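Only one structure is covered here, and it is reproduced in the block below.
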Amino acid sequence: CMTICTMEYWPVCGSDGKTYPNKCHLTSTACTSQKDITVLHEGKC
């Protein structure tokens, strides 16, 4: 999981109920935690 994410703030709501600063951060977290986290919708949860 060598993903480098920008600090751009385009929040997305993950299927784990958490708001991520952008889709890259969600994808990176899913990879490092070995969980299947998907984007439920754009914006905060």
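For all residues, glycine too, the Cβ spot is worked out from N, Cα and C.
DSSP assigns Cys31 (disulfide bond) to a helix in the three-state reduction. The disulfide bond annotation in Swiss-Prot covers Cys1-Cys31 (among others) and is backed by sequence analysis.
Across the domain 'Kazal-like' (1-45), the model assigns an average pLDDT of 97. Marked as domain 'Kazal-like' by Swiss-Prot on the basis of sequence analysis: 1-45.
Under the heading disulfide bond, Swiss-Prot lists Cys5-Cys24 (among others). Taken residue by residue with DSSP, Cys5 (disulfide bond) is part of neither helix nor strand, so it is coil. Within the same chain, the residues at least 6 positions away from Cys5 (disulfide bond) whose Cβ sits under 8 Å from its Cβ are Pro21, Asn22, Cys24, His25, Ser28, listed in sequence order.
DSSP assigns Cys45 (disulfide bond) to coil in the three-state reduction, outside any helix or strand. Annotation comment: Swiss-Prot describes Cys13-Cys45 (among others) as disulfide bond, evidence class sequence analysis.
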According to DSSP, which of helix, strand or coil covers Cys24 (disulfide bond)?
helix
Within 10 Å of the Cβ of Cys24 (disulfide bond), how many other Cβ atoms can be counted across all chains shown?
17
Cα-Cα distance linking Cys1 (disulfide bond) and Cys13 (disulfide bond), given in Å to the nearest integer:
21
